[in-house]
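Have a look at the structure below before the remarks.
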Protein chains: 2
Amino acid sequence: MTDFAATKAMFALPEGMIYLDGNSLGPMPRATAERVRHTIEDEWGEMLITGWNKAGWMQKPTAIGDRIARLIGAEPGHVVMGDTLSIKVYQAVASALELNPTRKVVLSDSGNFPSDLYMVEGLVKSLGPDYALRVVAPEEVSAHITDDVAVLMLTEVDYRTGRKHDMKALTEQAHAAGVVTVWDLAHSAGALPVDLAGCKADFAVGCTYKYLNSGPGGPAFIYVAPRHADAARPALSGWLGHAAPFDFDLNYKPGNGIERMRVGTPPVLQLAALEASMDIWDMADMADVRAKSIELCDLFITEVEARCPDLTLASPRDGAGRGSQVSFRFHEGYAAMQALIARGVVGDFRAPDIMRFGFTPLYIDEGDVRAAVDIIEDVMTNALWDRPEYKTRNAVT
Amino acid sequence: MTDFAATKAMFALPEGMIYLDGNSLGPMPRATAERVRHTIEDEWGEMLITGWNKAGWMQKPTAIGDRIARLIGAEPGHVVMGDTLSIKVYQAVASALELNPTRKVVLSDSGNFPSDLYMVEGLVKSLGPDYALRVVAPEEVSAHITDDVAVLMLTEVDYRTGRKHDMKALTEQAHAAGVVTVWDLAHSAGALPVDLAGCKADFAVGCTYKYLNSGPGGPAFIYVAPRHADAARPALSGWLGHAAPFDFDLNYKPGNGIERMRVGTPPVLQLAALEASMDIWDMADMADVRAKSIELCDLFITEVEARCPDLTLASPRDGAGRGSQVSFRFHEGYAAMQALIARGVVGDFRAPDIMRFGFTPLYIDEGDVRAAVDIIEDVMTNALWDRPEYKTRNAVT
């Protein structure tokens with residue numbers, strides 16, 4: 001049984017803040033700064049260039065990939081860290097398209113995170129006029145899995161509402177129609193159990209700065225199913241994905257399996273920060289995390305609906321159909337969220353009217369949920385959102 | 001006049017080590033660990049998600065880009081940080097090809113860093129059989145700038161020998177033939193003065209973990225000439241390159257100028273490390289750095305040639321034709337370099353027989369050069385390289 005009191009004690013959160021925005025940027029583990037200092041001063045400072053071997057920097061992308069593999073149901077040795085999620089989306093979709101060469105359509109949905117759509121828009125434009133990105137409503141995805149679709153690219157959990165796709169069913173349907181799948185786990189990894197192997201997912205990608213708490217700009221990951229790993233051509237064919245990078249051949253020869261999805265030099269400092277967070281994740285069982293997350297979200301929904309009638313639930317009511325977040329609609333959602341943040345309840349806002357609250361059992365408990373609802377009730381009942389200082393928009397919240 | 005004693009005092013180098021491998025991984029500035037700690041604990045830890053605005057994380061890629069622009073002769077506002085150098089090569093060449101749509105050939109040379117060739121090999125394969133990468137010998141580049149070439153992609157300074165291309169002449173010749181240029185400044189930025197604007201370079205890319213001392217995995221940069229900046233289509237079209245990322249539109253609309261070359265979330269911790277190093281670079285004048293670098297390299301060549309007759313100069317003898325490194329050939333170069341490293345003179349080895357020594361006036365002075373030559377003479381005169389412990393190869397040296 002995961003000891004959530006112990007995991008909570010391993011995070012440093014500002015006094016008086018209830019942080020419900022770990023779905024955007026996870027909070028800081030207490031051990032991170034010292035871990036990164038060690039990498040800077042004791043590794044880089046002392047070992048310099050030899051750190052690539054002596055400190056194991058070169059192997060970190062796959063070593064940490066294996067620790068993430070456990071959380072997402074991936075086979076060991078089939079996840080590698082690096083780059084940003086947008087780059088990993090491009091890599092996965094480019095490879096997936098080539099595995100299905102007679103078809104030219106990438107199917108996605110309008111609930112996908114826009115950057116995923118942008119990256120594929122850029123890719124299909126490069127590939128030429130035969131290729132297309134087809135975007136449908138999330139509830140219409142199943143009906144559009146037709147035999148002209150090459151790749152189905154979906155984010156499992158909707159970043160605004162937390163609505164969760166059925167990965168297993170959609171992947172099965174896709175395979176039956178000859179479609180290769182790419183799953184974005186940005187709001188899944190560390191949020192809920194994922195079973196990539198069991199779902200027979202083809203490709204998956206995700207980021208680490210949300211539920212995996214690696215800090216701002218933490219690296220992304222990519223998974224390629226074992227059956228594709230030695231067949232997928234990396235469109236982004238960089239030297240660290242080469243079979244023998246230090247031979248400095250003039251021609252590219254892809255490395256074995258997931259190694260070929262490496263591109264350039266790994267971000268060693270960001271990886272060190274991620275390791276500090278993975279030490280906490282190693283203490284957690286995803287089934288426990290999921291059970292507790294649903295419990296916290298259900299409590300939050302029940303209490304907010306009972307005490308704040310102006311807020312309308314935007315997330316699925318059934319925990320099984322939801323990620324680890326709860327969203328409510330309110331016409332002055334931006335201002336209301338600013339008023340909440342001013343009182344220490346930090347969620348975020350997504351246009352046009354969504355107030356988003358993430359729940360992460362690793363550092364949020366029932367007491368936090370109840371305290372947050374008290375403040376939300378105060379803000380709503382006393383219309384504290386109707387103050388001019390909360391109505392000016394910032395670029396990022 | 002740059003105060004090199006002052007800049008040297010700002011680096012922490014291990015006692016007894018003469019570090020001549022800053023062309024591979026620069027050493028650690030004394031201020032880096034504290035700067036990164038501040039970003040982790042005082043920004044991420046205290047501000048959490050609001051750090052994107054409050055701590056200015058979102059603007060760092062262009063703010064730091066402007067500081068690098070000064071070192072490479074770029075117009076302010078036309079350099080942005082992010083990703084790895086390999087990704088930036090892909091981005092630059094993909095955009096450059098589209099600016100020259102009637103031609104399909106990328107010309108490069110066999111002295112280019114292999115990853116640059118690999119990335120373009122991957123790109124042209126994705127674009128289809130009409131496209132090709134043509135690789136010629138460095139001295140034959142000029143003769144191959146023909147009117148079927150779309151893009152000339154070169155690394156200015158050869159990573160093995162330090163041989164320097166004439167950027168201005170080749171760019172002029174390329175433009176006269178209707179060719180768009182992409183310059184890789186991996187061994188130029190911080191090594192010698194670069195005048196991108198004066199050379200009318202079209203695109204340039206570079207890394208920061210070599211001469212710019214940002215630490216292992218530091219981010220890359222990309223430059224797009226002002227005349228192309230609003231015309232270049234980013235093939236890697238990520239959300240932070242969107243004109244309005246936080247509108248979360250479903251369709252991509254490129255941002256203004258260099259902003260469109262941003263892709264995903266910037267690596268905030270690696271950028272903080274880079275800032276600590278840029279504080280030192282802000283004290284340096286590239287003309288001073290170049291003069292001192294040539295002086296140190298010339299001294300090294302003269303002394304080594306006088307005292308170590310078994311070593312054969314592999315770098316141009318004329319300082320003007322060289323980067324900030326000196327390479328010698330020796331049939332047992334790998335073992336000799338291992339013997340040197342064991343005695344505190346850290347250079348590196350590149351197959352088949354190149355011993356590479358980088359000289360960086362920011363932290364290497366004449367005393368270091370003379371002390372290094374004494375040790376090299378000892379290793380060579382007494383055949384210390386002929387010991388079995390130095391002959392076993394590691395993956396990275």
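Quick reminder: no glycine exception, Cβ is built from N, Cα and C everywhere.
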Report task. Pick the one from B:Tyr131, B:Tyr209 that TrEMBL also lists for the pyridoxal 5'-phosphate site with B:Leu85, B:Ser86, B:Phe113, B:Pro114, B:Ser115, B:Asp116, B:Thr155, B:Asp184, B:His187, B:Trp239, B:Thr265. Result -> B:Tyr209
Requested in this report: May I ask for the distance between B:Lys210 (N6-(pyridoxal phosphate)lysine) and B:His187 (pyridoxal 5'-phosphate binding site), taken between their Cα atoms and rounded to an integer number of Å?
Outcome: 8
**Report entry** Assigned conformation of B:Lys210 (N6-(pyridoxal phosphate)lysine) - DSSP reduced to three states
**Finding:** coil
Requested in this report: Let me know how many other Cβ atoms fall within 10 Å of the Cβ of B:Phe113 (pyridoxal 5'-phosphate binding site).
Outcome: 20
Query - B:Leu85, B:Ser115, B:Thr155, B:Lys210, B:Trp239: the recorded positions whose Cβ falls under 8 Å from a chain A Cβ - result: B:Leu85, B:Ser115, B:Trp239
Query - Neighbour-count leader, CB within 10 A, recorded positions: B:Leu85, B:Ser115, B:His187, B:Lys210, B:Trp239 - result: B:Leu85
Query raised in the report: Can you tell me the three-state DSSP label for B:Trp239 (pyridoxal 5'-phosphate binding site)?
Result: helix
Query raised in the report: In sequence order, what residues of the same chain, 6+ apart, have a Cβ less than 8 Å from the Cβ of B:Thr155 (pyridoxal 5'-phosphate binding site)?
Result: B:Gly111, B:Asn112, B:Phe113, B:Asp116, B:His165, B:Trp183, B:Asp184, B:Leu185, B:Ala186, B:His187
Report task. Could you tell me which three-state DSSP class B:Ser115 (pyridoxal 5'-phosphate binding site) falls into? Result -> helix
